[in-house]
Amino acid sequence: MSQTTKRLDAISWDEYFMGVAMLSALRSKDPNTQVGACIVSSDNKILSMGYNGFPLGCSDDEYPWNREGEDNKYFYSTHSELNAILNYRGGSLEGAKIYVTLFPCNECAKAIIQSGIKEIIYDDDKYKHTQTVIASKRMLKSAGVKTRRYRRTGRNVEVHM
Ligand SMILES: Nc1nc(=O)n([C@H]2C[C@H](O)[C@@H](COP(=O)(O)O)O2)cc1CO
Ligand SMILES: [Zn+2]
């Protein structure tokens, strides 16, 4: 007989959106750090996604992925948060939230603030001691953008592809 009451173990909104950000990060070709972002409206609709990579037309096979040296990836890679903002073609992001697997840098913080995003939900904060993240947090605080760390639930989600 089929069950007549609702499932109780559906994933939560936070698990859903951070899950989408984590899945997006899997698209990144960066050998060292893969970051994913998912922008969500105030009524929980996904508006955009992004991951870190080189701009359109700049081949992953031709541009450098090394971190050091005169020519390196930092000149070319677009951060996941900026990609998610730029990927959105629907109009305003005023009042939206962004789920991101790594705390945004100062440059992305500027774009987040100026686009009208009002809340950041982040997972990792491995660069918290760097000046870019310290500057980022300073601006976000001044601009009234809320930040909260994603609380990991320990749930394992398996997807067979
Ligand atoms: N919030 C972020 N979003 C991002 O998309 N990134 C990207 C830029 C690089 O491609 C990579 C960082 O490389 P690494 O310095 O850990 O080898 O992650 C980095 C940060 C850190 O602030
Ligand atoms: Zn950034």
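Glycine is no exception: its Cβ is also placed from the backbone N, Cα and C atoms.
The active site, proton donor annotation in TrEMBL covers E81. In three-state terms derived from DSSP, E81 (active site, proton donor) belongs to a helical segment. Close to E81 (active site, proton donor) in the fold, though at least 6 residues off in sequence, lie V35, A37, G50, I98, V100, P104, C108, A111, I112, each with a CB less than 8 Å from its CB.
Annotated Zn(2+) binding site per TrEMBL: H79, C105, C108, in sequence order. DSSP assigns C108 (Zn(2+) binding site) to a helix in the three-state reduction. Residue density at C108 (Zn(2+) binding site): 26 other Cβ atoms are found within 10 A of its Cβ, drawing on all protein chains shown.
Taken from TrEMBL, the feature domain 'CMP/dCMP-type deaminase' applies to 12-147.
Apart from the site residues H79, C105, C108, the chain places the Cβ of S80, E81, L82, P104, N106, E107, A109, A111, T132, S136 no farther than 8 Å from the centroid of the site's Cβ atoms, the recorded Zn(2+) location. Mean pLDDT, taken over the domain 'CMP/dCMP-type deaminase' (12-147), works out to 98 on the 0 to 100 scale.
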